[in-house]
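Enquirer: Take this structure first; my questions come after.
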Amino acid sequence: MAGGDSPAETKKGSSKTSKNSKESTLKQKSPAEFFAENKNIAGFDNPGKSLYTTVRELVENALDSSESISELPEVEVTIEEIGKSKFNSMIGLIDRERVDTKLYDDYETDKAREKRLVKEARASEIQAKNLASGKKNKEPGVSRVLKARGEASYYKVTCRDNGKGMPHDDIPNMFGRVLSGTKYGLKQTRGKFGLGAKMALIWSKMSTGLPIEISSSMKSQNYVTFCRLDIDIHRNIPHIHLHEKKANKEKWHGAEIQVVIEGNWTTYRSKILHYMRQMAVITPYAQFLFRFISETPEKNVTVKFTRRTDVMPPIPIETKHHPSSVDLLLIKRLVTDTSKKTLLQFLQNEFVNINKNLAARLIGEMGPDFSPGMAVKSVTSQQMVRIHQLFRQAKFDDPSGDCLSPAGEYNLRLGIIKELHPDMVATHSGSAQVFEGHPFIVEAGVSVGGRDVKQASHILLLFIHLIEFLDLENKSDLLDVIPSGINIFRFANRIPLLFEQGGDVVTRTALKRINWNSYKINQTQDKIGVFVSIVSTKIPFKGTGKEYIGDDISEIATAVKSAIQQCCIQLKSKIVKRLQAREQQERKRSLSRYIPDATGAVYEVLKQMTEEHTKKRKRYKEEETAMLEKVSKLIITKETLKEKLAEHVEQVDYEMALEYATQSGVSEEPRENIYLQQLNPNHSNFIDLHSPTFVFRLIL
C-alpha cells in the first residue's frame with residue numbers, strides 16, 4: 001500500500017501505544033501508604049526504635065488528654081513480651097517444626113558448628129583467666145545463630161490514662177485515618193507530625209497484622225466504648241472489627257490503648273526508661289507507672305514516678321498567624337476558609353497584631369486595585385502575591401507569648417530535684433522572643449552533683465575540642481556518640497529529645513559557648529546537668545526524625561546561651577558562699593588543731609609565774625595575783641584552759657558566721673525537701689502565687 005502503513009505496521013504501532021498508555025497511567029498514594037513506605041520519617045526506623053516511638057506517642061497523647069481537662073495526669077504504661085508460640089496462637093497459626101533445616105538463614109553445617117563451639121570455649125577460658133587476674137572482660141560477641149532474621153520479638157504495648165476520653169463515633173477515624181486529628185491548629189503541641197497512635201497502628205499492620213484495641217470513656221458517661229480496628233493502608237480508612245458500648249461501673253474516664261508490634265526491648269531498654277525519667281522531670285505534676293513483663297520473671301521491670309506537685313502549667317491557647325510567618329499557600333487557604341466578608345475584616349480578624357487602623361494602612365499601601373470594602377473572596381492570585389510581598393516587607397509588632405505554656409521554673413526545679421537529687425540547682429525562665437513570626441520561650445536549669453550524673457574526663461574534653469578545631473563534615477555525628485561529661489537534657493514543647501544530640505543548639509551551646517570556669521564550676525570534676533526546655537508554636541526541628549533543633553537560628557541560640565548563663569550566675573553565688581563556709585570550717589579546724597599546744601605553753605608560763613609569786617621574787621598586780629592563786633589551788637588547770645580556749649574558738653566562729661549572714665542577707669538553716677499534697681482533691685477555690693522556688697496556695 002503506497003503512501004500508507006501496512007496492516008502489520010499499524011497493528012504493531014497500536015500495540016506499542018497501548019503499552020505506553022499503561023506505563024504512563026497516573027497512580028496515587030494515600031497518606032497512610034506514604035508513611036508506611038517512609039516509616040523512618042515518623043521514628044519507626046527499626047523494631048527497637050519503633051517500640052520506643054510507640055511508647056512515646058502513647059504517653060504524649062495521654063498527657064495531652066489529661067491536661068486538656070485540667071486533670072492531674074495518671075499514666076500507666078505496660079510492655080509485655082510475647083513469645084513465638086503465644087504470638088502464633090494470637091494470629092491463629094499452629095507451631096510447626098522445621099523440616100528442611102538448610103532452608104533457614106541460621107543453618108550451620110557440622111563443621112561450622114564445631115568451629116563455633118571451639119571458639120566460644122576458648123573465649124570462655126580467656127574470660128575466666130581475666131576474671132581470676134582482675135582484668136576487665138570485653139563484651140562477648142553475638143553468635144550467628146542468635147542473629148537469624150526470622151526470629152522477631154513481639155510486644156504488647158498498653159497505655160492507660162485518666163484524660164477526657166474520645167467520643168464514641170469519632171474513634172474509628174481518630175485512629176484509622178492518617179492526617180486527621182484535633183491538633184492541626186496553630187498552637188503549642190507535643191506532637192511532631194500529628195500521627196500519634198496512627199503510626200503505631202500502621203507499624204502493627206506491617207509487622208504483626210493484628211488490630212489495635214481502644215477503650216475510652218468521657219466524663220459523666222455511663223458507658224465505655226470498646227473498639228477493635230485496623231487500617232486499610234491503600235484507602236486510608238479504618239477497618240472496624242468491633243465497635244460497642246459497655247457499662248461503666250467504675251465511673252472511669254480516659255483512654256486505654258493496646259497494640260501488638262514487633263520490637264526490640266534489649267537494645268532500646270535504656271532509651272525507653274531514660275525517656276520516662278526525663279518525662280517525669282519536665283512533668284512533676286504527673287504520675288507515671290511503667291512495667292515491663294518478660295517471659296522470664298527475673299527480667300521484669302517496674303518503675304513508679306510519683307507525683308510531687310499539683311501545680312500544672314496553663315493549657316496552650318490556639319492563636320492566629322503572624323503576618324511575617326505566612327506564605328502564599330497559607331494566605332490562599334485563609335482566604336478560602338474565612339467567614340469574613342471584606343478585605344479589611346479579613347486582615348483585622350485572621351492575623352495577630354493587625355488592628356483596624358493598621359489594616360486600612362496596609363490596604364492603602366497595596367495599590368489602587370485594593371479597597372477596604374472589597375470582597376475578600378474576589379482577591380485574585382496576583383493580588384495574593386502582593387499581600388504576601390507587603391507582609392514580608394512591612395513592620396509588625398512581635399507576637400506575645402501568652403499562647404504558650406512553658407513548664408515553669410517551679411516545676412522544672414522540682415522535677416530536677418525529684419529525679420536527680422543534685423547538691424545545687426538553679427533555674428531561669430526567659431521572656432517570650434520571636435523567630436520567623438513565631439513566639440518561643442526558653443527555660444533552663446543547671447545542676448551540680450546528684451545521682452546518675454556522669455563526670456567529665458580531661459581526655460574527653462580534649463577530644464571534643466579537637467573535633468571542633470578540625471571542623472569535620474560529620475562533626476555533629478561524632479559529637480553525638482561521645483559520652484559528654486556535661487549531662488544534657490533537652491526538651492521541645494515539654495517532650496524529651498534523646499537522639500541526634502551532637503548537632504543540637506543546646507549541646508553546642510553548653511560545650512562551646514559557656515565558660516564554666518568563670519562561674520566557679522569545674523567542668524572536669526563537677527557533675528554538671530544542663531536542662532533546657534524550648535516551647536513554641538513552631539519548633540524548628542532539623543532532620544527527618546525531628547529529634548534536634550539546629551544551631552543556625554541566632555535568636556534561639558542567643559536565648560539558650562542567656563538562659564544557661566543566668567543559671568550559672570545563680571550557682572556562682574551559691575558556690576562562692578559554699579567556698580567561704582568551707583574556708584571558715586578549715587580556719588576553725590586549724591585553730592582547734594593548735595589548742596593542745598597553746599594551752600600547754602600557756603599553762604607552763606602560769607606555773608612558772610605562780611612559783612615566782614610564791615617565793616616573792618616578783619610582785620604582780622591584784623588581778624594577776626588572783627589568777628595565780630587559782631592556778632596554785634588547781635582551780636585553773638591545763639584542762640580548764642583547753643576548754644575555755646575551745647569555747648573561745650567556737651564563739652569567734654559563730655560571730656564571724658553571723659556577721660557574714662548579716663552582710664549577705666542570707667540565713668542558712670539545715671533543710672530537707674518537703675512536698676505538700678493537695679488537701680482536698682475536690683476543692684477548686686484557691687489562688688496560686690508563683691515564685692521560681694515555691695508556689696504559695698491561698699485557699700479561699
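We number each residue from 1, going along the chain as drawn.
Every residue gets a Cβ built from N, Cα and C, even glycine.
Residues or ranges marked as ATP binding site by TrEMBL: Asn61, Asp161, Thr182, Lys183, Gly191, Lys192, Phe193, Gly194, Leu195, Gly196, Ala197, Lys198, Lys546. Positions annotated as coiled coil by TrEMBL: 603-651. Residues annotated as domain 'DNA topoisomerase VI subunit B transducer' in TrEMBL: 399-587. Residues or ranges marked as region 'Disordered' by TrEMBL: 1-32.
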Enquirer: Quick one: mean pLDDT on the domain 'DNA topoisomerase VI subunit B transducer' (399-587)?
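Expert: The average pLDDT of the model in the domain 'DNA topoisomerase VI subunit B transducer' (399-587) works out to 82.
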Enquirer: Run through the Cβ atoms and count how many others sit within 10 Å of the one on Leu195 (ATP binding site).
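Expert: By my count, 23.
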Enquirer: Applying a 10 Å Cβ distance cut-off over all chains shown, what neighbour count does Asn61 (ATP binding site) have?
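Expert: Result for Asn61 (ATP binding site): 22 neighbouring Cβ atoms inside 10 Å.
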